[in-house]
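Comments concern the structure below.
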Amino acid sequence: MLDDADIHPLFHNAPGTTEFKKLRKRIIRNVREAIDLYGMVEREAREGTKPRWLVCLSGGKDSYTLLAALTELQWRGLLPVEILACNLDQGQPGFPATVLPEFLERMGVPHRIEYQDTYSIVMDKVPAGRTYCALCSRLRRGNLYRIAREEGCSAVLLGHHRDDILETFFMNLFHGGRLATMPPKLVNEEGDLFVLRPLAHVAEADCARFAKALDYPIIPCDLCGSQDGLQRQQVKALLDGWEANSPGRRQVMFKALTNIRPSHMLDPNLFDFAGLGLADAFSENPK
């Protein structure tokens, strides 16, 4: 099905190799799986009314992969939503402002490009030597929510992949003292927008190979001169080491996030240990 000649312009540069065809099918399959498993398509779509999704496009490999996968599914009638790509130009020095609008126009993708100088705010508020990422992210998120409302979108879609989710889990474990990560679907604090991560089951390495193979115009993520905090770098290095020593370890750890047994943890808010009876211990369906 994915090898038809009738393809979206986003795939016009697709290599004809067996390796790329397998990569493409795997990514599309993983995205469909996440959309279905986590109920990302709203009830309105299932009843015949198309919701509108704001797909955030930074110009990095992950957001290009997200846009291409969603557009592929929509193109083939497998995703009953309207897609609006959105790039928020935050005023970072050296940001190539024409790259994304020209690319999206050429690809025929509906889009909105907005300039908001959050960079100056971040530079003014964050002390020298500290990472800018947290404040920058909050300001970006607020603007994206506003744009989604203005465009009549019901959901904001982000390009976080499987490895982002794993790294966040371990950062919360090591530094926050809690078991939590980025969920594939949540409702914002105001209660009026979904936040969706359809790449939740996609490996970062697959995103990198995919975007490179299609020769998408990648924009560096460190134009502001800041990098992710040291904690995330350390966690990423740790996961890389585990994966090198035991190939497939990342996928096993990710599977654990989908296979939680509250009765075998220690949180009384999730499992009623005090009310546990002897008969419950031999239940065929332990919680």
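Note: Cβ is positioned from N, Cα and C throughout, glycine not excepted.
What Swiss-Prot says about this protein:
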{"type": "MOTIF", "residues": "58-63", "note": "motif 'PP-loop motif'"}
{"type": "BINDING", "residues": "Cys133, Cys136, Cys224", "note": "[4Fe-4S] cluster binding site"}
Checking the binding-site residues Cys133, Cys136 for other Cβ atoms within 10 Å of each Cβ, the smallest tally belongs to Cys133
Residues of the motif 'PP-loop motif' (58-63) by DSSP state, where helix covers H, G and I
3 helix, 0 strand, 3 coil
